[in-house]
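Visitor: There's a structure below that I have some questions on.
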Amino acid sequence: ILNDDIKHAKRMKFLSAAFYAFSSFFIIVVNKSILTHYRFPSYMFLGIGQMAATVVILYVAKMNKVVSFQDFDRNVFKKMFPLPLLYVGNHVTGLGGTKKLSLPMFTVLRKFTILLTMIMESRILRKSFPPSLVCSVLAIVLGALVAASSDLSFNAEGYTFVLLNDFFTAASGVYTKKTLGMEGLGKYGVLFYNAFIIIIPTLLASAYTGDLQKALSFDGWLSLTFIFYFLLSCVMGFVLMYSIILCSYYNTALTTTVVGAIKNVAVTYVGIFVGGDYIFSWPNFIGLNICVSAGLIYSYITFNSNSPSSEPNMKPVEDKIAIHITGHTGGLEKT
């Protein structure tokens, strides 16, 4: 029975990580196409669309008893804080960085999220990591530094967005892991109330800055192809957030972050052909491969561990629900 539990835990760790990697890769490509190819002027409005899709999908699912989570009450704000603030910061800075930088440099700078996550997880969640994992994380960061050293398309605003995104992503991952352990919310409650709490303030901020007007007057709304990509991004925003929650549920916050870094090698090579803004250099190429190699070593150590999952909030019923929902959303980065 113990061996079966270990095998099941390892399988769910791997499947949830693979689902997140695929979702993360796919949404980056779609968002890059919307913001760069179609020149959509508002990454904030795109984020609002993704939040709205999350609220609608989960509300309909709850009404049809497909999923269940706590009804709204005053305690929800206390349980969720500061996750909604980190969520919107992650969303906005991530989309902003996608627009301002080439895909390869975006993925390189995102590697620093890993180091921040490890530091925050050790401080906030009091988690310790074996030396082999620490060394692999440091190697990923080293590779990122080597790759970034040859960037000939420096963009100060883009770099600022991505480094802020690194902080928000790390903090969001750690606090997501912490919030998942709270009674009543669960995976779907965390997703729903994150989007529900912040969508109206974000919409008001977009209107106040004039960002909303730019988005609504965009000429691309007359194109069915653009509308399809925009709606696809909105739905995938939900799928990405679900995949992050699922991966964090079965793995550590650090593992979720590393998985996001590993899939970036695919994004890098796609970036050579999509967007047309990749500048090849040997330091960049070598650095990226150091990142990928170290990430694969981390994954091998993590997913080949013979110890059962140590997550206290894993229940058989939750496992069945997770598999059911994944089956319906499968096929699909959040950044």
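The chain as shown is numbered from 1 upward.
Cβ coordinates come from backbone N, Cα and C, glycine included.
Sharing the feature lines straight out of TrEMBL:
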TRANSMEM  12-30  transmembrane segment
DOMAIN    14-299  domain 'Sugar phosphate transporter'
TRANSMEM  42-61  transmembrane segment
TRANSMEM  128-147  transmembrane segment
TRANSMEM  159-176  transmembrane segment
TRANSMEM  188-209  transmembrane segment
TRANSMEM  221-245  transmembrane segment
TRANSMEM  252-274  transmembrane segment
TRANSMEM  280-301  transmembrane segment
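I would like each feature placed in context: is it buried or exposed, what are its neighbours, and how far apart are things?
Guide: Counting only same-chain residues 6+ beyond the ends of the transmembrane segment (42-61), those with a CB under 8 A from a CB of the stretch are 31, 34-35, 67, 69, 88, 91-92, 95-96, 98-99, 188, 191-192, 194-196, 198-199, 202-203, 205-206, 209, 211-212, 214-215, 218, 230, 233-238, 241.
Long-range contacts of the transmembrane segment (128-147) within the same chain, counting only residues at least 6 positions beyond its ends with a Cβ under 8 Å from a Cβ of the stretch, are 104, 108-109, 111-112, 114-115, 118, 122, 254, 258, 261, 283-295, 297-298, 301-302.
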